[in-house]
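Below is one structure, written out as structure tokens; comments come after it.
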Number of protein chains: 6
Amino acid sequence: MANAMLLPVLISFLVLPFSAMALTQDFCVADLSCSDTPAGYPCKTGVGAGDFYYHGLAAAGNTSNLIKAAVTPAFVGQFPGVNGLGISAARLDIAVGGVVPMHTHPAASELLFVTEGTILAGFISSSSNTVYTKTLYKGDIMVFPQGLLHYQYNGGSSAAVALVAFSGPNPGLQITDYALFANNLPSAVVEKVTFLDDAQVKKLKSVLGGSG
Amino acid sequence: MANAMLLPVLISFLVLPFSAMALTQDFCVADLSCSDTPAGYPCKTGVGAGDFYYHGLAAAGNTSNLIKAAVTPAFVGQFPGVNGLGISAARLDIAVGGVVPMHTHPAASELLFVTEGTILAGFISSSSNTVYTKTLYKGDIMVFPQGLLHYQYNGGSSAAVALVAFSGPNPGLQITDYALFANNLPSAVVEKVTFLDDAQVKKLKSVLGGSG
Amino acid sequence: MANAMLLPVLISFLVLPFSAMALTQDFCVADLSCSDTPAGYPCKTGVGAGDFYYHGLAAAGNTSNLIKAAVTPAFVGQFPGVNGLGISAARLDIAVGGVVPMHTHPAASELLFVTEGTILAGFISSSSNTVYTKTLYKGDIMVFPQGLLHYQYNGGSSAAVALVAFSGPNPGLQITDYALFANNLPSAVVEKVTFLDDAQVKKLKSVLGGSG
Amino acid sequence: MANAMLLPVLISFLVLPFSAMALTQDFCVADLSCSDTPAGYPCKTGVGAGDFYYHGLAAAGNTSNLIKAAVTPAFVGQFPGVNGLGISAARLDIAVGGVVPMHTHPAASELLFVTEGTILAGFISSSSNTVYTKTLYKGDIMVFPQGLLHYQYNGGSSAAVALVAFSGPNPGLQITDYALFANNLPSAVVEKVTFLDDAQVKKLKSVLGGSG
Amino acid sequence: MANAMLLPVLISFLVLPFSAMALTQDFCVADLSCSDTPAGYPCKTGVGAGDFYYHGLAAAGNTSNLIKAAVTPAFVGQFPGVNGLGISAARLDIAVGGVVPMHTHPAASELLFVTEGTILAGFISSSSNTVYTKTLYKGDIMVFPQGLLHYQYNGGSSAAVALVAFSGPNPGLQITDYALFANNLPSAVVEKVTFLDDAQVKKLKSVLGGSG
Amino acid sequence: MANAMLLPVLISFLVLPFSAMALTQDFCVADLSCSDTPAGYPCKTGVGAGDFYYHGLAAAGNTSNLIKAAVTPAFVGQFPGVNGLGISAARLDIAVGGVVPMHTHPAASELLFVTEGTILAGFISSSSNTVYTKTLYKGDIMVFPQGLLHYQYNGGSSAAVALVAFSGPNPGLQITDYALFANNLPSAVVEKVTFLDDAQVKKLKSVLGGSG
């Protein structure tokens, strides 16, 4: 078969359907300047390789704080390329003694992969309040089902780092303490719906900047 | 642990990730001024508690009509807070002798909860045309699978009221009589595709305001 | 057109495709004796009208306890007819002074409809920890987005009753207090991941039957 | 690069991950001997090319009946290979004067492709009861949104044939007439919920084999 | 029951809820002038019957090229009415000796229905690289699971035509040869990731218009 | 409030609904001894913390082969805890000069996180065959949309390691070379549908163990 003959006809065959299919949706990089929708952001135009790449997890988060931990997200807001793809990521840095406090992700399951150090992690089922807990070393993975309370803390003697992947581009993060104490929900209401003592509620409201 | 020390560092830890996550989608209250999408309306900005609240089902619908019934919807069009949340509601008021005529919801299953009176309800399966029917009293619930023909009527001697929940924010409502007789579908076509007699079709077209 | 002629041919036309379509899935009532799957329970055979009906929400729950509240579920476990239909329900009874403590539903959004009394309800967003709260009277509805912390309490001077609908057949219910204090999660871990004081944790562990 | 060297190492590389991935789910041919689930049938073992092939639409359906039409389904019940794949098919044969009566598919949208003859088709929206109708010739396609009432009839002077594709493996088929008149739903109830006259209901019940 | 009495009251009953429900989403015809979203295009306004109809598959594609085949798509880009409905179509024309080269649809399963001639078709599983192949005659259907490599070619002595339906409105089409050779992916990279010889890669790059 | 009083009543309140809700589905660890379903495996009973943990990615895969690379999966088949959770993982080890050949995942998008070394990665869109390629260093992430051809190779002077997360528990892996050459698809068919030369096809069939 002569290339010279094959060339024009094959191209004409292939070019035609592809121009006709120019609207095919292989991906939908978020246009964050538009309003979100229940299925994610509208797609931006003018996509390049950089849209599918994110450098923001390469550097360690700053753990020079009292909880000695940092969460660095690569959700759709930071990494628009994951829009519509059902996945996102984050980096966890936990110094010795550090902790990622009890929290949930309302909109995704989480898969944690330890890249450095030792992490103690656990989640609590809703059906029976059973605690599922593991000590994780470098290379271990653990999965936390969507919406369930879970936590991680450094269980070793050196800094711990983990990559976290989520089953959605916008998993959300609700830290229980922050939800209870870092806003203007009146102390009396917090106490009523948590059975915590007034002094405890007011102490944590003070610490976390809440009012009421 | 001294509060004075905990305060600034913990806040800085928590505030940083949250400002970075400001685009997290906990909900997506419909901006009804935008075009709908297959997954629902784009999200409005400036959301408040009132967006998640609806008062429109509190008052009884007007049943002073011949069918002695009223359907009051709280779909996404009336209650934008349900956008993207997979749920919506309606109120049914059925006076003595009243009826909600045979209909389907193309886009949701329905769960009916009787709050007052007695309702006779039924649905028809497509696989075998089996009729599933129940007499429902106050506090009873019944579920109607998506897309199947069903009906409700007051089976008692006092007014009946029900709350209806749907498995989607925009369930749709196709009343068979209205679809067949309340538009310009020609009588000859209606007769051809329903086997109804010409006189019957023309009578109901006249009653329901159809033409042709 | 003579009925006598129409009868045999039309039936033969219609019966044939329907026998061929006998496996059509209009619904899938749960066979709770089988293992669950990620999409719900396998379908039971021999379905009747009773499978789509549930009486268990008709009676008030027993609120003669300290929290003066009761939740009566009509999830797939109690009401197998909702399996696969994307909806379920529950009844809330809250006596004067009663409370449904802070909790989440990991697998569904919730729509609350007040049928008696006055309910104060609120939920907390994850993106900014904003509190959305409303006083709800008879006939009012409020929607709580999936996975977010929320609570309800009786805000009036008489018993309150609500019907709650969920956007899934198996919404789950994770009461924060119960998750933190009613199991064997060691107090030291609870304190580490919640910043609660040791005395507070031990007090609530004692109250809620937890150990460790 | 020498083939002799490449052969063993490359195979060992590729064989190892694939044996480890032997459970990968490329498809899930229905095992119709098992109970269905909300997401479809469990997967059969021992799959061959024949499982993805169906011959049953090759022959014309028998239109020697009064409605002069036949529907030949290739749903999951007839063609187990479509299980879990979100698609199925059917063949429509409509003789001159024949009709596929007004019906819905509760669980799928439909795409009709005319392969012979002329078909008049229409569907009715639920929002405004608008009729959308078209005369379709060979090669034309029309789409009918999920759950909406629609019909097809032969609008020409020769036999019409169409291939119909559905957006799900088990679309269901609810023929309005059959649902109303071909079962034991009492005539009084049918009349109450459809506003049809008693004589009309009883006539069609008689024709379609209904009782009550 | 007197028609004269029924007319005004019934209409008022029915008109009221329907005006209130004017936002019900029976369908969502694509507004291709808007940005796409992960769930499809925003809905256009001013919909008519023509939006649900497409004539573009009626004419044979031009197979007067070397591969003697043509694919004519009716995806959302050509047929906006399928937006959000989970289905689309295409027409295959394959002259004697023609071939639709090895390809995948990243976003849909495919159902092929032969309307003329003989087509040899096959797909390859990922779990075990098993080839599933069939010779298809007029009226036969075959299903190709989402994302798997497959091909079709004319296996007979006359032109072949097929209607192809997809389980999504925007299935995509990735022809392996075109992906490997018809762009600027450097030959050295192609060779590295495919094990093809340099001469082979450069020959096909030349034929298909690739560079590098 | 006296603990002694609070204890029995609160427990009785909380224990009762939870025993009633014992079927709540927080997770669904795969019972691999059962048949798969389109939504995943049936749930096993007797779940423990070990079911949500996987150690198999901790050790480097063996790259002592010609392609100098290894893929170690943690899909549902290896890590049953991810069943139904929409996520899974794998580990990539690529020695200097190693390559993960051109491939697709039919059932998931992929997110790659480099933990050691330098990886050159790229994917090809279907709409325009555009190549999106990036050089990734330690800590960089890249996302590959579902179903699109992509590849990775070591672009540095030391071993490269990456963690890969997928947007589904069973993503599949179709290596183009293996699909084309490592089975019994006849060479003549391969050549017809790929335009590869006979010698090239036979050479790779020989290398990869294919026949025909």
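Going from the start of the chain as shown, residues are counted 1 onward.
Glycine is treated like the rest: Cβ placed from N, Cα and C.
According to TrEMBL, the feature signal peptide maps to E:1-22.
What TrEMBL records for E:Cys28-E:Cys43 is disulfide bond. For E:Cys28 (disulfide bond), the number of other Cβ atoms no farther than 10 Å from its own Cβ, over all displayed protein chains, is 25.
For E:55-202, the entry in TrEMBL reads domain 'Cupin type-1'.
The Mn(2+) binding site annotation in TrEMBL covers E:His103, E:His105, E:Glu110, E:His150. The Cβ neighbour count for E:Glu110 (Mn(2+) binding site), using a 10 Å radius and every protein chain shown, is 25.
All chains included, 27 other C-beta atoms sit within 10 angstroms of the C-beta of E:His105 (Mn(2+) binding site). E:His105 (Mn(2+) binding site) falls within neither a helix nor a strand when secondary structure is assigned with DSSP, and so counts as coil. What TrEMBL lists as oxalate binding site is E:His105, E:Glu110.
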Below 8 Å Cβ to Cβ and six or more residues apart, same chain only. Which residues does that give for E:His150 (Mn(2+) binding site)?
E:Met102, E:His103, E:Thr104, E:Glu110, E:Ala121, E:Gly122, E:Phe123, E:Ile124, E:Phe144
Counts of helix, strand and coil residues, the domain 'Cupin type-1' (E:55-202), according to DSSP
22 helix, 56 strand, 70 coil
For E:His105 (Mn(2+) binding site) and E:Cys28 (disulfide bond), determine the Cα separation and express it in whole Å.
23
Hey, for the Mn(2+) site built from E:His103, E:His105, E:Glu110, E:His150, who else sits with CB inside 8 A of the CB center?
E:Thr104, E:Phe123, E:Phe144, E:Leu148, E:Leu149, E:Pro171, E:Leu173
Do the recorded positions E:Cys28, E:Cys43, E:His150 include any whose Cβ comes within less than 8 Å of a Cβ in chain B, and which?
E:Cys28, E:Cys43
List every residue in the same chain as E:Cys43 (disulfide bond), at least 6 positions away in sequence, whose Cβ is under 8 Å from its Cβ.
E:Gln25, E:Phe27, E:Cys28, E:Val29, E:Ala30, E:Asp31, E:Asn83, E:Gly84
Look up E:Cys28 (disulfide bond) in the DSSP assignment and reduce it to helix, strand or coil.
coil
Within 10 A of the CB of E:His103 (Mn(2+) binding site), the number of other CB atoms across every chain shown is 21
Segment confidence, the domain 'Cupin type-1' (E:55-202), expressed as mean pLDDT:
96
